[in-house]
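Colleague: Structure in structure tokens, see below.
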Amino acid sequence: MRIDIVAAGRLKKGPEAAMVDDYLARFARTGRGIGLPPVGLAEIEGRRGGGMTAEAELIARAIPAGAALVMLDERGQQVTSPEFAARLAGFRDAARDVCFVIGGADGLDPALRARADWQIAFGSMVWPHLLVRVMLAEQLYRAATILAGSPYHRD
Ligand SMILES: C[S@@+](CC[C@H](N)C(=O)[O-])C[C@H]1O[C@@H](n2cnc3c(N)ncnc32)[C@H](O)[C@@H]1O
């Protein structure tokens, strides 16, 4: 199994980048004992003014072949952290690669969204894509702790 995040935008050094690095490092440490590999991160930077379709082509190229596509979108399904963890465990147990996709300022191209195996939302409000990256990294770490039975998550 491999786990990737394909995200629009390049994260400069700063608090968001530090948080993403920290949560993904914690995920790698916790995941090691429970069959979850470290998360790969591909940042997609479209040409200024290139538009959603051009960005979608770059995103599509970065998605590993055969991976289950989990798209982050405010219109997606809202799930609890334990449900998210269970789904991640399902991909692991099926030895299925999984790729999380986060769009840019204009959102994800509808044709790309149509390819999603699962669309999830962190609430129905729109968040900046860089914050969504932090939130996804934290939820991945939280999921790993739930699966490992460690006390980070409390219902
Ligand atoms: C600034 S938002 C784009 C919003 C855009 N107006 C749209 O119509 O989709 C950038 C990206 O962040 C992610 N995102 C924003 N809000 C989200 C939410 N509530 N849940 C999940 N992902 C979200 C999505 O991947 C989105 O493509």
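We count from 1, first residue shown onward.
Heads up, the Cβ atoms here are built off N, Cα and C, so glycines get one too.
Sharing the record's features from TrEMBL:
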- Leu72, Gly103, Phe122, Gly123, Ser124, Met125, Val126, Trp127: S-adenosyl-L-methionine binding site (BINDING)
Colleague: I'd like to know which of the binding-site residues Leu72, Met125, Val126 has the most other Cβ atoms within 10 Å of its Cβ.
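Modeller: Most Cβ neighbours within 10 Å: Leu72.
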Colleague: Output the one of Gly103, Gly123 that, of all these binding-site residues, has the highest number of other Cβ atoms within 10 Å of its Cβ.
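Modeller: Counting Cβ neighbours within 10 Å, the top one is Gly103.
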Colleague: Beyond Leu72, Gly103, Phe122, Gly123, Ser124, Met125, Val126, Trp127, what residues of that chain have CB atoms within 8 A of the centre of the S-adenosyl-L-methionine site's CB atoms?
Modeller: Asp73, Glu74, Ala121, Val132
Colleague: Under 8 Å Cβ-Cβ from Phe122 (S-adenosyl-L-methionine binding site), six or more apart in the same chain: what's there?
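Modeller: The answer is Leu72, Glu74, Gln78, Val132, Met135, Gln139.
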Colleague: Might you list, by sequence position, any residue in that chain lying six or more from Ser124 (S-adenosyl-L-methionine binding site) with a Cβ less than 8 Å away from its Cβ?
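Modeller: Same-chain residues close to Ser124 (S-adenosyl-L-methionine binding site) (Cβ under 8 Å, separated by 6 or more) are Glu74, Arg75, Gln78.
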Colleague: Measuring Cα to Cα across Leu72, Gly103, Phe122, Gly123, Ser124, Met125, Val126, Trp127, which the record gives as the S-adenosyl-L-methionine binders, how far apart are the two most distant ones in Å?
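Modeller: Taking every pair among Leu72, Gly103, Phe122, Gly123, Ser124, Met125, Val126, Trp127, the longest Cα gap is 16 Å.
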Colleague: Tell me which residues of the chain lie with their Cβ under 8 angstroms from that of Trp127 (S-adenosyl-L-methionine binding site), as long as they are six or more apart in sequence?
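Modeller: Sequence-distant Cβ neighbours: Glu74, Met135.
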